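Asks: This is the structure, below, for whatever I ask next.
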Amino acid sequence: MDLGTLIPDFPTFSNTSFFNFISTVISLIIPDSTIHKQIKMRKLDSTKVQPLKSEQLLHIEDHDFALRPGFGGSPIPVGIDVQVESIDSISEVDMDFTMTLYLRHYWKDERLSFHSNKNKSMTFDGRLIKKIWVPDVFFVHSKRSFIHDTTVENIMLRVYPDGNVLFSLRITVSAMCFMDFSRFPLDTQNCSLQLESYAYNEDDLMLYWKHGNKSLSTDEHISLSQFFIEEFSASSGLAFYSSTGWYNRLFINFALRRHIFFFVLQSYFPAMLMVMLSWVSFWIDRRAVPARVSLGITTVLTMSTIMTGVSASMPQVSYIKAVDVYLWISFLFVFLSVIEYAAVNYLTTIEERKQLKKRGKVSGTYSIDTVQAMAFDGCFHDTDVDMDLTDFSDQCEEHETQACAASVSDVDTTQIKRKRSLKGNVGRIILQNNHVIDTYSRIIFPSVYIVFNFFYWGLYI
């Protein structure tokens, strides 16, 4: 029963007209300002709604991320690209290198797909890494490695609406480099940094270079103190383990050519100088025993010091290096110069004894000739002028004191004359008193050493 039947004069309304009637009555009763305040309060309340968490937005709690994407199906492809920031050091003693790089992984995990009206990706830091599946890539033959953590861990995770994922790390790694020092320091070393999945073999994970050869990029300002970086290249292959099977492996190859100028200054040039210095001995009088022996011993000890310094900065390898060949040959030349003088001195002594026997005895004693006097006191003596001091002392015992004094004054006068006569003839006297071995050594030693240098540098350069 409606109001129209009870009250004949009351107008009847349909449902729509009735609600419009009520709204009109409310608007007349409640002021407009009050309605606007209520609408504003509702807008303010809508901002208090909590946004969705990353776990809820990516549906992380709805999936088991302990399993790889597409578990039980075909292997998941994981693309890799690397940007080498720097090569920090190369150690010949430890046979390793240290490199800092940006390592980026690309794969698709449909479990992480989300709805986005503008098709924008979401970027996260390292805190989300432990809650999702990521590739377990490691460095083969690495000794030490770490992820940079200043000011926070240098980890980036970017998820796209279709489930594609970019995972980037900044890493410093020290890895082995199998070096060959047979041509050191004229060598070129080929090193490689190898990447591989630790747990997933080729049936579960396919590791590949994301952009082919362009997947490896380097900083233009990379430089090393002892090496010139000839090239960087990317390659791939397979590695087999008897217990787990075949694994995909990626290689970052680079060639290092050593700068030789440092070693020329520190090793080769000093060795050359020592060899040439040992040749000076051939031009010194054969009777100057102290001068020639001290020169020979000094050059031998200096060469030993150079060889020890080079060996201390190198690994203890069991084969001969190029620098060893040069230093040992140079040491041999220096050593032979000492042996040469030993032979000259011995033959000179034999020759003197023969000459002394031919002269016989004078006044019952042997006179000390020029060569023997030089061997004792290191000074030159003229045979025609020097007096036999022993014979002179015997004569002093037989004659009067005044005659001996006069004879002594005559000896002093003749010695002064001898010294004056030698001033312009020292070179001629030295050449006349050289042994034949010294004469040949002046030509043979330099000639053979020059020929050796031609062969050495022609072979190794």
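Numbering starts at 1 and runs along the chain as it is shown here.
Using N, Cα and C of the backbone, Cβ positions are placed for all residues, glycine too.
Note: TrEMBL annotation is automatic and uncurated.
For reference, TrEMBL lists these features for the protein:
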DOMAIN    60-259  domain 'Neurotransmitter-gated ion-channel ligand-binding'
TRANSMEM  260-283  transmembrane segment
DOMAIN    268-354  domain 'Neurotransmitter-gated ion-channel transmembrane'
TRANSMEM  295-314  transmembrane segment
TRANSMEM  326-348  transmembrane segment
TRANSMEM  443-460  transmembrane segment
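Describe the structural surroundings of these features, if you would.
Replies: Non-local neighbours of the transmembrane segment (260-283) in the same chain are 185-186, 226, 292, 295-296, 299, 302-303, 306, 309-310, 323, 326-327, 330, 333-334, 337-338, 340-341, 430, 438, 441-442, 445-446, 449; each lies 6+ residues outside the stretch with a CB under 8 Å from one of its CB atoms.
Sorting the domain 'Neurotransmitter-gated ion-channel transmembrane' (268-354) by DSSP state (H, G, I as helix; E, B as strand; all else coil) yields 73 helix, 0 strand, 14 coil.
Sequence-distant neighbours of the transmembrane segment (295-314) (same chain, 6+ residues past either end, Cβ-Cβ under 8 Å): 92-93, 181, 184, 266-267, 270-271, 274-275, 277-278, 280-281, 284, 321, 323, 327-328, 330-331, 334-335, 337-338, 341.
Listed as Cβ neighbours of the transmembrane segment (326-348) (distance under 8 Å, sequence separation of 6 or more from its ends, same chain) are residues 267-268, 271-272, 274-275, 278-279, 281-282, 286-287, 289, 292-293, 296-297, 299-300, 303-304, 306-307, 310, 371, 435, 437-438, 441, 445, 448-449, 452, 456.
Same-chain neighbours of the transmembrane segment (443-460): 183, 186, 275-276, 279, 282, 322, 325-326, 329, 333, 336-337, counting only residues six or more beyond its ends whose CB sits under 8 Å from a CB of the stretch.
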